[in-house]
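Peer 1: For reference, TrEMBL lists these features for the protein:
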- 1-446: domain 'Major facilitator superfamily (MFS) profile' (DOMAIN)
- 72-92: transmembrane segment (TRANSMEM)
- 99-118: transmembrane segment (TRANSMEM)
- 124-147: transmembrane segment (TRANSMEM)
- 159-180: transmembrane segment (TRANSMEM)
- 192-211: transmembrane segment (TRANSMEM)
- 255-274: transmembrane segment (TRANSMEM)
- 294-314: transmembrane segment (TRANSMEM)
- 326-347: transmembrane segment (TRANSMEM)
- 353-374: transmembrane segment (TRANSMEM)
- 386-410: transmembrane segment (TRANSMEM)
- 422-442: transmembrane segment (TRANSMEM)
- 451-470: region 'Disordered' (REGION)
Amino acid sequence: MACISSNMIALNFTQILMRRTNWENASFPTNSPILVNTSDVHLEEDVLPVLVLNSSHVVPPTVPYSAREKSMLLYAVGLASIVSTFPFSAMYTRFGARLVFFGAGITSAVATALLPLAAAHGMVAFLIVRFFQGLSYGSVFAAIGYVCHRWASLREHGLFLSFMTCFTSLSVAMTNYLAAYISSTPSLGWPWVYYALAFVTLAPFVLWLFLYTDHPETHKFVGLSERKIILMDKTEAEIVHDGNMPYRKILSTKIVYVIWFNAFADIVSAVFLITYLPTYVSKVLGYGVRETGIWSSFPAIVQLPLRVFFGILADRISCASELNKMRVFNTIALVLSGLFFALVGFVPDHLPFVAIIVMTLNLAAVACNTGGFYKCGTLVTRQYAHFVVAGIQFEKSVTLFVAPILYAIFITDESSRGQWRVLFIGMAVVLFIANAFFVAMATDQPAKFTKAQSKGEENGSGQMDDNPQKCYEMSNKHIL
């Protein structure tokens, strides 16, 4: 998951350095263009070498990507992810995650390896490659919900979700640091960022293919005692899911929309921060290329252990009910994050490192979301959690459109702290509103549709026997 995400977000950093062919001037009469003598013409260093088309027109052979082109490259990923999110959810329901997710990973690796070549051939080829990266990214969140339901006991959802949702922070930390190091190495340059990421992506997906199975109760490395833990308190309907999805009942459940609203508020703010953090660090805080890579990675690095810690804490706290724990963790994730968003815009210009600390605390607070709306979604929808989490993926894909739109509306001068401040305060307000809805409507009880038998009949309590051998046999009779 981290590899697929890294492949997609690498552009957030490398676009600072990337330049494209100056095709707008390709139709000019060239006659006998010559390399300009830089002592005769005053030019910025980053546009050299240049070609002289006539005595009065100097044309650089490459130019930076325009704001419109950068937005198009983000939109391509967002559109592809939107298109693929629910089809991947349906494929997981029908075929399981093993082969489907493997295919998504290989597609991402190939597209990433081809990206520098595609960029050299123009925007159409570049957009096609980005589209395939987005298709692969659409597989990620549904996989989280599916694997969590299959492999996590009901008492360890927070732990599983915390580990599995670490991929975003891990990918940001890994990508920005790797991109900064490779891009600043004269013998390599930005294309090698994509070659390295493509190579790194292959290894974990080969391991996935050989080690993962959709049925932990039949996995050769899972013993009877571990099967008992995984299956404990789950109904037969949850374990032997028949491939049907009660879409109408899920979409008629109010708490699902509250979960999606909280996810949207949380993800829009987090994705915007992750996407434009290199720009903010470089343009507003005034750091150089290598420093930008390091400091834009720092908040994500700090978030990684905290996300795991908070996930474990959400499961282990016994002095509060599951519902109250979710309310507290969700409030920390959204309200505290909103406060830090509001504060970062007021940090004085002469204290740039304080701004880094505030943004780090922001992402640290977000690490609590696995104990909030994420956990609520899996507990309420149980065996159908991958559909609800796929909805969160859909929202995350939409934010790839929303983030550039917000940027275009509010940020006309990248170095203006005041413009960033207005946007950050607006995000804080939305986060506060979303959390208020969650605190009022959250529940830890499974929805009625999760208890129905595969034939459509209610199953009473339907809980599995505590005997691990009986659990194993009941699952196997539907699998074999």
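Using N, Cα and C of the backbone, Cβ positions are placed for all residues, glycine too.
Keep in mind that TrEMBL annotations are predicted by a computer and have not been checked by a curator.
For each feature listed, report its degree of burial, its nearest neighbours and the pertinent distances within the displayed model.
Peer 2: Using a Cβ-Cβ cut-off under 8 Å and counting only residues 6 or more beyond its ends in the same chain, the transmembrane segment (72-92) has close neighbours at 8, 11, 15, 65, 100, 104, 123, 126-127, 130-139, 141-143, 146, 245, 275, 386-387, 390, 393-394, 396-401, 403-404.
Beyond its flanks by at least six residues, the transmembrane segment (99-118) meets 3-4, 7-8, 10, 88, 91-92, 125-126, 128-130, 132-133, 135-140, 143, 190-191, 194-195, 197-199, 201-202, 204-205, 208-209 of its own chain at Cβ-Cβ distances under 8 Å.
Away from its own ends, the transmembrane segment (124-147) comes close to residues 1, 4-5, 7-8, 11, 72-73, 76-85, 87-89, 92, 96-97, 100-101, 104-105, 107-108, 110-112, 114-115, 117-118, 160-161, 164-165, 167, 214, 377-378, 385-390, 392-393, 396-397, 400 of its chain (Cβ-Cβ under 8 Å, at least six residues beyond either end).
Cβ atoms under 8 Å from those of the transmembrane segment (159-180) belong to residues 1-3, 5-6, 9-10, 12-14, 140, 144, 147-148, 151-152, 190, 193, 196-197, 270, 274, 278, 289-290, 292-294, 296-297, 300-301, 303-304, 307-312, 314-315, 363, 367, 369-371, 374-375, 378 of the same chain, restricted to positions at least 6 beyond its ends.
Under 8 Å from some Cβ of the transmembrane segment (192-211) lie the Cβ atoms of residues 3-4, 6-7, 10, 13-14, 98-99, 101-102, 105-106, 108-110, 112-113, 115-116, 175, 178-179, 182-183, 185, all in the same chain and six or more residues away from its ends.
Tertiary proximity for the transmembrane segment (353-374) is limited to same-chain residues at least six positions away from its ends with a CB under 8 Å from its CB atoms, namely 158, 161-162, 165, 169, 258-259, 262-263, 266, 270, 273, 277, 281, 284-285, 295, 298-300, 302-303, 306-307, 309-311, 313-314, 325-334, 336-337, 340-341, 343-344, 347, 389, 392, 438.
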